[in-house]
Amino acid sequence: MELLHPSPPYPPCITISWSSSISSSAPITCSTKFPNKNHFHSSSFRVYSLKRSSKPSYEGLQKDPKKDLSRILRTEAAIKGVENKAKSWKHKQLWPKAVLEALDDAIKGCQWQNALMIFELLRNQYWYEPRCQTYTKLLMMLSKCKQPKEASQLYETMLFEGLKPTVDVLTALVSAYGQSGLFRHAFSTIEDMKSVVDCKPDVYTYSVLISCCAKFRRFDLIERVLADMSYSGIECNSVTYNSIIDGYGKAGMFEQMENSLTDMIENENCQPDVFTLNSLIGSYGNGGKIDKMEKWYDEFQLMSIKPDIKTFNMMIKSYGKAGMYDKMKSVMDFMERRFFAPTIVTYNTVIEVYGKAGEIEKMDKHFKNMKHIGMKPNSVTYCSLVNAYSKAGLIRKIDSILRHVENSDVILDTPFFNCIISAYGQVGDLKKMGELFLAMRARKCEPDRTTFTCMIQAYNTQGITEAAKNLETMMISAKDSSDYTILFINFHGDSNVERFVNFRSSQIKKITFFQMMDFQPNLFGKVFPKFFDM
């Protein structure tokens, strides 16, 4: 594959956006019925305002950075206050800006439970005015979080408030059903749209449904959607074709993928773009078909379709997966010459590739380069490092990573704890494994079946079969392994939830054990032997 094509380098200021969604990135706004009142009429403020300044008058026109910072801090505090008040129905005249920004933050963070609570608080305000834009954003969030039941209830609430459905709202509802595989409800919603004036499904509605069908590999339903589009006189656009091509590619149906690409090229109304290129690169790369990947890369270059950073990240991953490290390096060199700044995904991919190959020195080098340019590692970065060190038997380096994580503000997740618990379990360090298990609660990470499986395997390896059986019994007893109240009450038969068990650790500060219940030390030791000394 030839990466050096005679095309002008991209300016470093240009960025290419490759994602699209129904909801805009603009914050939610709402008109208020009450004028803002100034509550800062303290005596100290009045005295200060009467003082004659010795500075030139023109400096008074400049912004005071301390004042701006104070305003920002007050706003952030107000937003946090809204989140705390969301569970109460008493507050009906809160600051509009704080409520709306708190809702917007919850939606952007896909914190659907908090978002719905804040939305109920918003609906309780005297100045609240229902808007379809707000409902659209909430429905899209519920779609991403796979909460179709809540999406349906939210839609009913919108109708109850007297709002007329829009195409965007119903498209978001179709997405909420489709993302959860509820295609009967999704198709039913589209039929309902056809009967609503000024709310007919458009090409984007059908494209969303096709994308959902492809995700669940229901290619039989895609033909039904295309037939419905043709009957309604709606032509496929680039988004529609890209959804079909991406779906076939991820399913490994390469012949159908290329046939769809041919149909797209023959269509005069839409042509392939960088999203099409990325679908082909990702599909052939993941399938190990490097020759095909390189061929289509060159073909798209001839069509004057330029790659973006996502294209190069996928090529790096594909070459690394195939063990072609020289070509992987050539892609990175090409990125540097063409002013493509590496992203966190780029570094995570390279670190993962070298880690799986056992190239610890090269992995550490890129990790240091990553920190040197000021890019903060995330949970995926640390997970790859821990897996590589564990595979190489470098437990001391894992200790170093753990200390680094504790002294940083990185947001950890359950997969990180699973890999580091597994690492310490493999070397028989049951004490550290237990500490990390409890630390998950402090980081607001709920253990899953993988967590318990790693611990059970570690206990069995050390010959502590009784503790392994106890953990397995506990895991089976609870309907959800994250519901620790049910889980431990079922196992111990004790419903006394009055005080908490704390533990001391040399590396982790005092942590409340899941803030749930009281245990007798001898029963508690059955689960975590040789760890707690109470």
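Just so it is clear, glycine is given a Cβ too, placed from its N, Cα and C backbone atoms.
No curator has checked TrEMBL annotations; they are predicted automatically.
Feature annotations, courtesy of TrEMBL:
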REPEAT    131-165  repeat 'PPR'
REPEAT    202-236  repeat 'PPR'
REPEAT    237-272  repeat 'PPR'
REPEAT    273-307  repeat 'PPR'
REPEAT    308-342  repeat 'PPR'
REPEAT    343-377  repeat 'PPR'
REPEAT    378-412  repeat 'PPR'
REPEAT    413-447  repeat 'PPR'
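Taken residue by residue, the repeat 'PPR' (378-412) breaks down under DSSP into 26 helix, 0 strand, 9 coil. Counting residues per DSSP class in helix, strand and coil order gives 26 helix, 0 strand, 10 coil for the repeat 'PPR' (237-272). For the repeat 'PPR' (273-307), the mean pLDDT of the prediction comes to 95. Residue counts for the repeat 'PPR' (131-165) under DSSP, split into helix (H, G, I), strand (E, B) and coil, are 26 helix, 0 strand, 9 coil.
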